[in-house]
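Engineer: Below: one structure in structure tokens.
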Amino acid sequence: MNIDMANSDDKALISEDTAHQISSDPWYQVGFVLTTGVNSAYVLGYSGSVMVPLGWIGGTCGLILAAAISLYANALLARLHEIGGKRHIRYRDLAGHIYGRKMYSLTWALQYVNLFMINTGFIILAGQALKATYVLFRDDGVLKLPYCIALSGFVCALFAFGIPYLSALRIWLGFSTFFSLIYITIAFVLSLRDGITTPAKDYTIPGSHSARIFTTIGAVANLVFAYNTGMLPEIQATIRPPVVKNMEKALWFQFTVGSLPLYAVTFMGYWAYGSSTSSYLLNSVKGPVWVKAMANLSAFLQTVIALHIFASPMYEFLDTKYGSGHGGPFAIHNVMFRVGVRGGYLTVNTLVAAMLPFLGDFMSLTGALSTFPLTFVLANHMYLMVKRHKLSTLQISWHWLNVAGFSLLSIAAAVAALRLIMVDSRTYHLFADL
């Protein structure tokens, strides 16, 4: 297929028109956007969802290898931001330019599923953090998880009404980093103290042989989920020129300094509690009530900010397609539009989160269905399509190997994740109070 063969109808799909602000952010602000995603409250689950199924060797090697592969795939995608004489500010625009109308629609569908499930997971996380805070003071079973999830969705909606676009986060990224450091530091220190006082630990990988196969595949999907956003072109759209060079700086920041807190809390949590590590690390740690409450509240607040990042492509689509297109972002008619449209979107997210609050399963299924295809399969194939005349036979073979390998891994991970959801669905009921 030749990328110049896309007909005029296909190219009409690609537009730089947007109701949101682009090309305005320095590379370090974009780096903090990426780091906010990596060090979201999801990191409190990696000790249980990655290290427990894989063990020390598999988990450690897996985290490092997944980081290297993810950096490589994201760098490939960043280099495709300017092709055909224009910037492609949306993932679907880039796919539409290279492949045509059908892949434009398929990419948008994959990305929508990816971001919807990530946002659903964030609302579950926020609900878990609220419930964990409540239980510290009153373990009477009155405030159940579905109620906490509903409250979390409401707070996320309030935040979405007030922040019109991704670039407007600015100071909130500083708050996000501050909140992340609070819960990561507390989880790290309390885990270290518990690990020292209880030296006898069991690192045996749990489950039967057949169960381990599925949990291992699911953990691999979680590894991919940990580092990738599935919306790199949308984030890159906010960066100042030169867009490729600056995006590569932001990516290096994400995968070096930005990932250190993730490694610290993941390894320390597993070292301290072994195979009994909770899927939400703050449920495992022991310490003063006020310290644990501060960590949980920080996780809740950071999750509200992080969700806004991953919801921004949907917000941009709705604002650009259906918004008024005139007046400032805080004009009354634009604020009311955000209240109606974003409120409706987050209501659906919150309802799904309350019905199926199985956080680990959502991470696995999201990685399988959308993160693998968007970040690894499409990135390698699109780079192959655009640069194929400049690549050696060995380089072409390498990219095809990536496309085939990650496609198979995506299918296997989807099967494993669906099995986990079926097992949990038999164990728990809808709107379960986990």
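Each Cβ is built from the backbone N, Cα and C atoms, and glycine gets one as well.
TrEMBL annotations: computationally assigned, not manually curated.
Below are the features listed in TrEMBL for this protein:
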- 27-418: domain 'Amino acid transporter transmembrane' (DOMAIN)
- 54-77: transmembrane segment (TRANSMEM)
- 109-130: transmembrane segment (TRANSMEM)
- 142-164: transmembrane segment (TRANSMEM)
- 171-191: transmembrane segment (TRANSMEM)
- 211-230: transmembrane segment (TRANSMEM)
- 251-273: transmembrane segment (TRANSMEM)
- 293-318: transmembrane segment (TRANSMEM)
- 339-359: transmembrane segment (TRANSMEM)
- 365-386: transmembrane segment (TRANSMEM)
- 398-421: transmembrane segment (TRANSMEM)
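Any idea what these are sitting next to in the structure?
Structural biologist: Long-range contacts of the transmembrane segment (339-359) within its own chain (CB-CB distance under 8 A, at least 6 residues past either end) are made by residues 45, 116, 119-121, 123-125, 127-128, 145-146, 149-150, 152-154, 156-157, 160-161, 279-280, 311, 314-315, 318-319, 322, 420-421, 424-425, 428, 430-432, 434.
Using a Cβ-Cβ cut-off under 8 Å and counting only residues 6 or more beyond its ends in the same chain, the transmembrane segment (365-386) has close neighbours at 1, 3, 69-70, 73-74, 76-77, 79-80, 83, 91, 94-95, 98-99, 107, 110-111, 113-114, 117-118, 121, 220-225, 228, 230, 232, 396, 399-400, 402-403, 406-407, 409-411, 413-414, 416-418, 421.
Under 8 Å from some Cβ of the transmembrane segment (398-421) lie the Cβ atoms of residues 73, 213-215, 217-218, 220-221, 356, 358, 360-361, 364-365, 367-369, 372-373, 376-377, 380-381, 383-384, 391, all in the same chain and six or more residues away from its ends.
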Engineer: Do the transmembrane segment (293-318) and the transmembrane segment (109-130) come close, with at least three CB pairs under 8 A (pairs 6 or more apart in sequence)?
Structural biologist: yes
Engineer: Hey, which bits of the same chain come close to the transmembrane segment (171-191), Cβ under 8 Å, at least six residues off its ends?
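Structural biologist: Result: 29, 32-33, 35-36, 39-41, 43-44, 163, 261, 264-265, 268-269, 271-273, 281-282, 284-287, 291-292, 294-296, 298-299, 301-302, 305-306, 308.
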